[in-house]
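Engineer: Just dropping this structure here.
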Amino acid sequence: MIEALCNLRRVEGTIDDAIFPDPIVRNEKVLNPRTEEYTIPLTESTIIDSDLHDRDVIDSVMYIYFGGASRGLHGAGSQIIIVGAVIALVAQFLTLASSIRRIKTHQGEEPTIILLNVEIALTLTNLIFILGVQSPGNHTLCRITAVSLYYLHLVTLFWFLLSSLHCVQSVIRIEKPFKLYIFCICGWILPLIIALLSYLFNERSFETSSYCWVSPLRGILFSYILPVIFLCSVCIVTTVYGLRRVTDAAEELDDTYSHRKLLRISAVSLPLFSIIWFTGMISLENSSSLLFSMIYLISNTVLNWLLFGCWLPTEASQWKDMDEDYYDDDEDFDDEPVLVKRRFDDQPLLSELYEYGAQGQLYNLRIEPISIISAP
């Protein structure tokens, strides 16, 4: 029996044909089964953690320290950053209205025009951030929102740097300063070119599945770190050089205080806005964490209210200017002859002299009576 089974195995090729003979159906796939390999396409939706690929060294460090993307966008962290954006928006509207009003009364004041451009960029950034950063439903609209936010953040950084450069060039080239339209081209066109190049060559750095902005876990080296380090370095060097030039040219400048103030504001605002950008990205990536959300809220509030309170001339300085004009008028009035009014009483030998001085003060000069009657 065993020998017969072995003979059947040698004839048919498998022992299964001896146990379950099938003389009618002779299928090669049944008699000689083969394993076929199928290629299953994997997308970001099928991968448990989509951040496990396309990551360089900087992205890997960010992933280790801050974790993967939190898919729940309704955490406390995401709500805190929206509250911070709303608080900052109030200060931005106030600063925008104040700068427009001052431009109407002081036409051609270039520092106020630069402030107006800064506030336009900040206000647009905050509005788009509040309305569209947490709306990844429409893929095309989300991508447009992400690129727009990236562009407007670059515009704001550039205008802070241009404010510092404007102060320096106003000190160095007092007679022939650069035209303001050159600053406008640099402030709005250069960031657009950088944003478009970043989107074309580093598209993976823009997040559209969980939120609509730049991702801190993919391509952050070219989209955030390098531009921010370059702009901050140039701004610090420009500020230090500008403060020295203002000190050296103190006798030639009419107002050294305003130059120093603008240089210091630019030196503080650019790094502070870089912190706002970074903490905003981390807060959206890890919405369950509250630390970076609170840092975003505090820094965003401080920056915008600082611009509102310090960039424009305060009421105290305006009253100071008015007082200086008042005293200048008084000095001019001092040069005029003093009006003297004499009034005599009934006694011809006694008189009173009233003298009105330059400050409107009344001087009562009493003249001692002089008797011309000789004693008998």
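Just so you know, glycine gets a Cβ as well, placed from its N, Cα and C.
As annotated by TrEMBL, domain 'G-protein coupled receptors family 2 profile 2' applies to 77-304. Taken from TrEMBL, the feature transmembrane segment covers 80-100, 112-130, 150-168, 180-201, 221-241, 262-284, 290-312.
What's the neighbourhood like for each of these?
Structural biologist: Taking Cβ pairs closer than 8 Å, the transmembrane segment (80-100) reaches residues 112, 115-116, 119-120, 122-123, 126-127, 129-130, 134, 280, 283-284, 290, 293-294, 296-298, 300-301, 303-305, 307-308, 311-312 in its own chain, all 6 or more past its ends.
Taking Cβ pairs closer than 8 Å, the transmembrane segment (112-130) reaches residues 82, 85-86, 88-89, 92-93, 95-96, 99-100, 102-103, 106, 145, 148-149, 152-153, 155-156, 159-160, 162-163, 166, 180, 183-184, 187-188, 280, 304, 307, 311-312 in its own chain, all 6 or more past its ends.
Taking Cβ pairs closer than 8 Å, the transmembrane segment (180-201) reaches residues 110, 113-114, 117, 147, 150-151, 154-155, 157-159, 162, 165-166, 222-223, 227 in its own chain, all 6 or more past its ends.
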Engineer: So which residues does the transmembrane segment (221-241) touch in its own chain, when a touch means Cβ under 8 Å and the partner is 6 or more beyond its ends?
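Structural biologist: Those are 56, 58-59, 150, 154, 157-158, 160-161, 164-165, 168, 194, 198, 202, 205, 214, 263-264, 266-267, 270-271, 274, 277-278, 281, in sequence order.
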Engineer: Who are the chain neighbours of the transmembrane segment (150-168) in space, where the CB to CB distance is under 8 Å and they lie at least 6 residues beyond its ends?
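Structural biologist: For the transmembrane segment (150-168), the sequence-distant neighbours (Cβ-Cβ under 8 Å, at least 6 residues beyond its ends) are 110-111, 114-115, 117-118, 121-122, 124-125, 128, 183, 186-188, 190-192, 194-195, 198-199, 206, 213-214, 223, 227-228, 231, 234-235, 238-239, 241-242, 245-246, 259, 262-263, 265-267, 269-270, 273-274, 277.
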Engineer: Could you pull the average pLDDT for the domain 'G-protein coupled receptors family 2 profile 2' (77-304)?
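Structural biologist: The predicted confidence over the domain 'G-protein coupled receptors family 2 profile 2' (77-304), as a mean pLDDT, is 91.
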Engineer: Which residues of the chain, 6 or more past the ends of the transmembrane segment (262-284), have a CB below 8 A from one of its CBs?
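Structural biologist: Distant contacts of the transmembrane segment (262-284): 66, 73, 77-78, 80-81, 111, 129, 133-134, 153, 156-157, 160-161, 163-164, 166-168, 210-211, 213-216, 224, 228, 231-232, 235-236, 239, 242-243, 246, 292-293, 295-296, 299-300, 302-303, 306-307, 310-311.
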